[in-house]
């Protein structure tokens, strides 16, 4: 079945009011049909309102993290309830950097997704293997464990997007070849099929998120089971529009 392509800009902990204004101006100049392509920008949370006001309505926006806790005495957290109240549409869950620096676990990812879905937020859920795990031929074993930790929670497979992040390729300039990425994406779809059913596996979108740039995006997007990108550093440049174009 034809799945709607999805391109996400994860700005991580970057940006100023002025740089965001310049970047969104260049994004707005790109003409695309949002009924055929989802483009979602994830700024730093405190820049969310500024970014949303600057971007044209054809773009969607989200935040890079959400709390597994509800409202209450959780200093520094942003609950799914608050995100919903602010009309935030998307959240990123389980990004490699959250797992690495903030020690988030598969159980944390599950609880965050549960809170997000309860509040009708759409989620990009990330997972992937380390270089050591890849070299030990444990890629599929690791990814199966990560995906099965949360996939049973999904009831609307249009509202949850999977993002495969080979950890060894994030911010390193290295990237999986299109063939390597496709092989893993195919296995991810099989995991969803075995757990949830064939219809759901064919419906869910799976993004690639390992050092995507203007040089490799066109060959990656041609792969059957790659439905778009989660882009980090390259989304902070005006040339990000060329990555979007590869999915048009």
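From the backbone N, Cα and C atoms, a Cβ is placed for every residue, glycine too.
Since the structure is predicted, the reported quantities are computational estimates derived from the model, not experimental observations.
Among the features that Swiss-Prot reports, active site, electrophile is placed at 95, with the record citing sequence analysis. Annotated active site, proton acceptor per Swiss-Prot: 165, in sequence order, evidence recorded as sequence analysis. Taken from Swiss-Prot, the feature D-glyceraldehyde 3-phosphate binding site applies to 10, 12, 171, 230, 232, 233.
Its Cβ taken as reference, residue 171 (D-glyceraldehyde 3-phosphate binding site) is surrounded by 13 other Cβ atoms within 10 Å in the chains shown. Taking CA atoms as the reference points, residue 10 (D-glyceraldehyde 3-phosphate binding site) and residue 95 (active site, electrophile) are 10 Å apart. Cα spacing between residue 171 (D-glyceraldehyde 3-phosphate binding site) and residue 165 (active site, proton acceptor): 11 Å, rounded to the nearest whole number. The two recorded residues residue 230 (D-glyceraldehyde 3-phosphate binding site) and the residue listed as 'active site, electrophile' have their Cα atoms spaced 10 Å from each other. Cα to Cα, residue 95 (active site, electrophile) and residue 232 (D-glyceraldehyde 3-phosphate binding site) are separated by 11 Å. In this structure, residue 232 (D-glyceraldehyde 3-phosphate binding site) belongs to neither helix nor strand by DSSP; it is coil.
In three-state terms derived from DSSP, residue 10 (D-glyceraldehyde 3-phosphate binding site) belongs to an extended strand segment.
In the structure as shown, the Cβ atom of residue 10 (D-glyceraldehyde 3-phosphate binding site) sits within 10 Å of 25 other Cβ atoms. Within 8 A of the CB centroid of the D-glyceraldehyde 3-phosphate site residues 10, 12, 171, 230, 232, 233, the other residues of that chain are 11, 170, 209, 231, 234, 235.
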